[in-house]
Amino acid sequence: MNAKLLSTVIFILLLINRTTFADQSKSVIAFEPTYLSIAVGESHSVNVRFLVPDIIPPDVFIEFLYDNQLKDTQDYINVLPNITFTQQTSIDQSRVIIIHALRNGHLVVTGQSPQINISSMYDFLLIDIARSNALNVLIQIVGWIYFVAWSISFYPQIILNFRRQSVIGLNFDFLALNLLGHSCYSIFNMCLYTSHDIQRQYYAKHSHGVLPVLLNDVLFSIHAVFACFITVGQCVFFERGKQRISYIARIIASILIVFLFISTIVAFTNHLSTLNLLYFYSYVKLVITTIKYLPQAWMNYKRKSTEGWSIGNILLDFTGGILSVLQMFLLAANYNDWSSIFGSPTKFTLGLFSVLFDIVFIVQHYILYRTNKFIVSRTSLSTSNADEYTPILRRQS
């Protein structure tokens with residue numbers, strides 16, 4: 001099944017690359033840089049360049065807009081002076097404006113002109129104004145800590161399996177769903193981060209948005225798939241008893257894979273945008289995240305033991321989840337943007353959901369089954385009535 005999953009992922013990646021299309025730029029003016037992150041009280045220069053001097057009238061007058069309004073009603077920055085471009089070739093077709101931050105928040109600066117049409121979809125300056133640079137540093141530190149915690153959280157389980165030369169106690173349903181979820185997450189991140197055509201589709205839909213995928217997101221997701229395949233290899237070569245992927249997990253995974261396969265074919269025929277296709281992959285990741293922990297928690301309950309299930313994995317995942325949610329609140333407070341949490345709650349809900357399951361595993365390991373001692377029962381595993389729901393370890397007398 002893992003070979004089929006890998007083949008499907010590779011095939012889908014090839015189809016996605018075939019479904020992207022180039023779109024010509026419609027920019028009239030360019031802000032350099034197009035994105036600015038500063039703190040309250042700071043100033044920064046921005047270059048405004050005119051991109052079509054060959055069709056310029058004698059004079060082009062440009063007035064700046066603040067969130068598509070003539071006045072910055074929230075007083076985020078200073079009032080910007082109007083600028084004028086001329087057709088004289090001896091004059092550089094660029095002007096410098098000074099941005100002075102007055103209040104924390106988000107602001108989009110665009111322009112309008114009576115002489116030429118300027119599209120706010122393509123020609124804009126996105127400004128993030130922080131309350132404090134020190135808080136920004138703290139946010140970065142928290143972000144890297146949870147990134148490292150999540151990245152190395154795969155290895156305690158891998159090391160435990162290697163030391164025991166056994167994967168008994170690790171639920172195969174959890175591993176299969178986890179591999180499928182991280183594969184979808186990798187496809188979403190890689191395509192959105194590397195494809196300029198898909199990025200154009202994203203900005204056409206979220207004209208003033210910031211690309212939600214960073215390099216560390218891509219590296220983490222690829223690394224997660226790699227770590228899952230290492231664990232799959234351990235399941236092949238190490239002692240596993242009668243464990244296998246349950247029929248329920250196979251049905252769920254098959255339904256999700258078929259859904260993605262059909263969606264990719266539809267996108268290949270130009271009846272679905274590549275961006276929406278990638279959103280489907282993210283929705284599959286969302287579904288898997290909400291259910292993938294259930295088989296392992298149920299298995300621990302049936303066995304009355306967490307033997308073979310690494311608590312180090314859970315502690316690191318719990319650390320990463322708590323810090324991820326903390327970073328979201330710090331970002332919201334620093335940029336006065338609480339809608340990033342409550343207006344788009346997907347990431348917050350996923351992080352919170354993972355933390356809740358981590359607490360369940362911690363309670364199982366340290367409280368409910370702390371005094372239970374189990375040994376491998378090869379005899380019971382060899383009986384004809386043993387299946388994946390039969391306890392694979394027994395209480396030591």
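The count begins at 1 with the first shown residue.
Cβ atoms are placed via backbone N, Cα and C, with glycine included.
Whatever TrEMBL says is automated annotation, not expert-curated.
Noted in TrEMBL for the protein shown:
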SIGNAL    1-22  signal peptide
TRANSMEM  137-155  transmembrane segment
TRANSMEM  167-188  transmembrane segment
TRANSMEM  218-238  transmembrane segment
TRANSMEM  247-268  transmembrane segment
TRANSMEM  274-294  transmembrane segment
TRANSMEM  314-336  transmembrane segment
TRANSMEM  348-369  transmembrane segment
Other parts of the chain folded back onto the transmembrane segment (218-238), taken as Cβ under 8 Å at six or more residues beyond its ends: 2, 147, 150-151, 154-155, 157-158, 161-162, 164-167, 170, 172, 175, 178-179, 182-183, 185-186, 188-190, 193-194
Chain residues outside the transmembrane segment (348-369) and at least six past its termini with a C-beta under 8 angstroms from it: 286, 289-290, 293, 296-297, 300-301, 304-306, 309, 311, 314-315, 317-318, 321-322, 324-325, 328, 341-342
